[in-house]
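Please read the structure below before turning to the comments.
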Amino acid sequence: MLINVISIFPKMFDIIKDYGITKRAIQKHLVKINVLNPRKFTKNKYKNIDDRPYGGGPGMIMTAEPLFLAINQAKSLSSNPVKVFYLSPQGKKLDQSKIMELSHQKHIILLCGRYEGIDERLLISKIIDEEISIGDYVLSGGELPAMVLIDSICRVTPGVLKNSKAIQEDSFYNGLLDYPHYTRPKCFNCIKIPNILLSGNHSEIKRWRLKQSLTKTWLKRPDLLNKLILTKEQESILHECQSKMDKPKI
């Protein structure tokens, strides 16, 4: 998969190339990350990529032409169909289903905004295909959201993780939050791990984990349950949990 990033701070992306899951994905030649600086596509001697907004107001706006030229250059780096995604607080909120969708693409372009944003004509003229947000808050630019997106995509790319089951047990993969995890020692701070995890009974452990996952989702993110069609087993386990607690059923 080719991920082309358009950013005025290309060195920020050196970090994700050198560590963790993204480094492994690159080393295995499963993902390639390329960063283009729109300053290289400006036609003024000062390499400015921003200007004052028409109509007045605070801050500066990223100009359309260098971004447009950078996008075209990024598109030319692959013969595969490509979509351009603008990291923006006005976009649709990123979730696991979107990550899975993007992970199947062969080429994507991520546009990182700065200042007060980009010239609206890039959106009006459909040069940008979609806006993506990582939450209802504002950052200084689109670089960190782009890194979040890249890390998530690399994690679900087949062949990156040694154990593919780890992905299937992540929070949100099946619409639920993850179950609790424990490791050595057996007792820490006077708290022992649940006996079921020492039993060796894999079917009971699997049921316990499903119960914990359902309970945690119900208590912390009940909105997620409203989006799911639960199996009969899941409904039975959830009702069992709800009957033992005071929290209203959903």
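Including glycine, each Cβ sits where the backbone N, Cα and C put it.
According to Swiss-Prot, the protein has these features:
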{"type": "BINDING", "residues": "G113, I134, G135, D136, Y137, V138, L139", "note": "S-adenosyl-L-methionine binding site"}
Original post:
Counting other CB atoms within 10 A of each CB, which of the binding-site residues G113, G135 comes out lowest?
Top reply: G135
Original post:
What whole-number distance in angstrom separates the two most remote CA atoms of the S-adenosyl-L-methionine-binding residues G113, I134, G135, D136, Y137, V138, L139?
Top reply: 16
Subject >> For the binding-site residues I134, V138, L139, the one whose C-beta sees the most other C-beta atoms within 10 angstroms >> reply: I134
Original post:
With every protein chain in view, how many other Cβ atoms are within 10 Å of the Cβ of Y137 (S-adenosyl-L-methionine binding site)?
Top reply: 7
Original post:
Around D136 (S-adenosyl-L-methionine binding site), how many other C-beta atoms are within 10 angstroms of its C-beta?
Top reply: 7
